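Chemist: Checked TrEMBL, it gives:
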- A:3-147: domain 'Aspartate/ornithine carbamoyltransferase carbamoyl-P binding' (DOMAIN)
- A:Arg55, A:Thr56, A:Arg105, A:His135, A:Gln138, A:Gly282, A:Pro283: carbamoyl phosphate binding site (BINDING)
- A:Lys83, A:Arg187, A:Arg241: L-aspartate binding site (BINDING)
- A:174-320: domain 'Aspartate/ornithine carbamoyltransferase Asp/Orn-binding' (DOMAIN)
Amino acid sequence: MKRHLISAADLTHDDATLILDTAEELARIAGRSIKKLPTLRGRTVVNLFFEDSTRTRISFEAAAKRLSADVINFSAKGSSVSKGESLKDTALTLQAMGADAVVIRHPSSGAPHRLATSDWIGGSVVNAGDGTHEHPTQALLDAFTMRRHLAGGPGGGPTFHRGPGDGTGRDLAGRRITVVGDVLHSRVARSNVALLTTLGARVTLVAPPTLLPIGVEHWPCEVSYDLDRALAGCDAVMMLRVQSERMNAAFFPTEREYSRRYGLDGTRMAALPEHAIVMHPGPMNRGMEITAEVADSGRCTAVEQVANGVSVRMAVLYLLLGGNEPAVTTHRTEESK
Amino acid sequence: MVEDPVEPARPVLEAPDIARVLTRITHEIVERAKGADDVVLLGIPTRGVHLADRLAARLAKITGRDIPVGSLDITMYRDDLRLGPARALARTEIPDEGVDGRLVVLVDDVLFSGRTIRAALDALGDIGRPRAVQLAVLVDRGHRQLPIRADYVGKNLPTSLRETVKVQLSEIDGRDCVLLGTAPGHGAA
């Protein structure tokens, strides 16, 4: 069985393109007065959030509702989890309520995988961020945004900030993507490296050595400590949030030094190629990894990424739940069955 | 799927027949819509879209005006979605004029069970409120499962359920023809 989305690395090139193409069609629904499709009527999607999240939960909720699924929101705060209930018992409860899909965010890496490979629940499991491991739908929406801007122009070229184009059927072959900042704590970076590589892009990670994970040299990407050198010639630069809530040690001397060496300001943005876009998964720390000048410029796609998130999550839910079996393959879950 | 070549598919309409039939349908639309002032053509992917484009070109020639033409994907409205894996979506392209208060002519290649058209009517209802909806098809092969009929029919083709009807169009298949064949198994396609 192949019915879960746990890791961006599980997606083949065809799967990823199918999801992005489906999202491209579904994005057009957002422009209509009736933003709803009857496709998942009668299906139940549970948002199981063990960790605070606003945009991801709302995004999944909007996506499921636009497909007419019933949505149950479950957050650990104020639930039986705070009374000490285990993941297993929570899952069994959800199974008893007839959940067709469980969208899970959990502070522990691997929790969605545990849920998917157990026999606790019968539905699909969608990873909405687990610890410092993966956040596959974020990577999909980032790739979707990049494809629209970098491959949405005439002939598959960049759009030069004339608004997002239509990248249907295209991938990111040969595009150079720079991911900057707190890679160590970032599940977004990990998922993005996997997915962007699958789509043919070349990824460079830029971070202080203290904010790079052990084993990063085995990732399919380049690593640099020099932001200015990495910016020249890149097609998109993705600024990661400095996750101070996960920083239990001193990873860099001062915030000021961090932002001077690894923050994106107007001068650095001007050094980017003309067509390059600036991305941020949000929430932004203005003045830290990105200045207000850059965040508010026409090249920053942060707000667009949020809108694209709904389309991409609709595509994922549709492809996993729309038929009698999922339309995307995910190797890992296949093996485990 | 392995094609069972018991009886090779035989063409029932060739390119000149299809051209003639589309021209006749165009004239019927103009006649019934009294000049086709407010007509919007919506093709159902895949081949319906190309048929709609051809009808629009012919209508433009007759009326001297550009006729709005678009496509309407019905995948998300199908009643058989849960009988197979989730299907890839096709493009829905509604002309800038919209469909509100207009005469929408749905265009498809083969009218069979009527379920596609049922889905198309549902999809259309989420997009706007046309003045009226009509249906143009290249081939009506019968065996309706819903109370739906076409307003403009290229050719009525009485078939048995063991037979298959395949429309080929030059835009996709390299040639224009309608093929009548025998299903390798049995039952409805």
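Here the Cβ of each residue, glycine as well, is placed from N, Cα and C on the backbone.
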Chemist: What does DSSP give as the helix, strand and coil breakdown of the domain 'Aspartate/ornithine carbamoyltransferase Asp/Orn-binding' (A:174-320)?
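Modeler: Computed counts for the domain 'Aspartate/ornithine carbamoyltransferase Asp/Orn-binding' (A:174-320) are 62 helix, 24 strand, 61 coil.
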Chemist: Taking the Cβ of A:Thr56 (carbamoyl phosphate binding site) as the reference point, list residues of the same chain whose Cβ is under 8 angstroms away and which are at least six residues distant in sequence.
Modeler: A:Arg105, A:Ala128, A:Gly129, A:His135, A:Thr137, A:Gln138, A:Gly309
Chemist: Per DSSP, how many helix, strand and coil residues does the domain 'Aspartate/ornithine carbamoyltransferase carbamoyl-P binding' (A:3-147) have?
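Modeler: Counting residues by DSSP class gives 67 helix, 27 strand, 51 coil.
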Chemist: Determine, to the nearest whole angstrom, how far the Cα atom of A:Arg187 (L-aspartate binding site) is from the Cα atom of A:Gly282 (carbamoyl phosphate binding site).
Modeler: 13
Chemist: Could you tell me the C-alpha distance between A:Pro283 (carbamoyl phosphate binding site) and A:Lys83 (L-aspartate binding site) in angstrom, no decimals?
Modeler: 30
Chemist: Would you identify which of the binding-site residues A:Arg55, A:Lys83, A:His135, A:Arg187, A:Arg241 has the most other C-beta atoms lying within 10 angstroms of its C-beta?
Modeler: A:His135
Chemist: Determine the minimum-neighbour residue: among A:Gly282, A:Pro283, listed as binding-site residues, which Cβ has the fewest other Cβ atoms within 10 angstroms?
Modeler: A:Pro283
Chemist: Could you state, as a whole number of Å, the largest distance between Cα atoms of any two of A:Lys83, A:Arg187, A:Arg241, the listed L-aspartate binders?
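Modeler: The widest Cα-Cα gap among those binding residues is 31 Å.
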Chemist: Need one number: mean pLDDT over the domain 'Aspartate/ornithine carbamoyltransferase Asp/Orn-binding' (A:174-320).
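Modeler: Overall, the domain 'Aspartate/ornithine carbamoyltransferase Asp/Orn-binding' (A:174-320) comes to a mean pLDDT of 93.
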Chemist: If you draw a 10 Å sphere on the Cβ of A:Arg105 (carbamoyl phosphate binding site), how many other Cβ atoms land inside?
Modeler: 26
Chemist: Validating a neighbour-count step here. Other CB atoms within 10 A of the CB of A:Gln138 (carbamoyl phosphate binding site): how many?
Modeler: 28
Chemist: Which whole number of Å gives the largest C-alpha distance between any two of A:Arg55, A:Thr56, A:Arg105, A:His135, A:Gln138, A:Gly282, A:Pro283, the residues noted as binding carbamoyl phosphate?
Modeler: 17
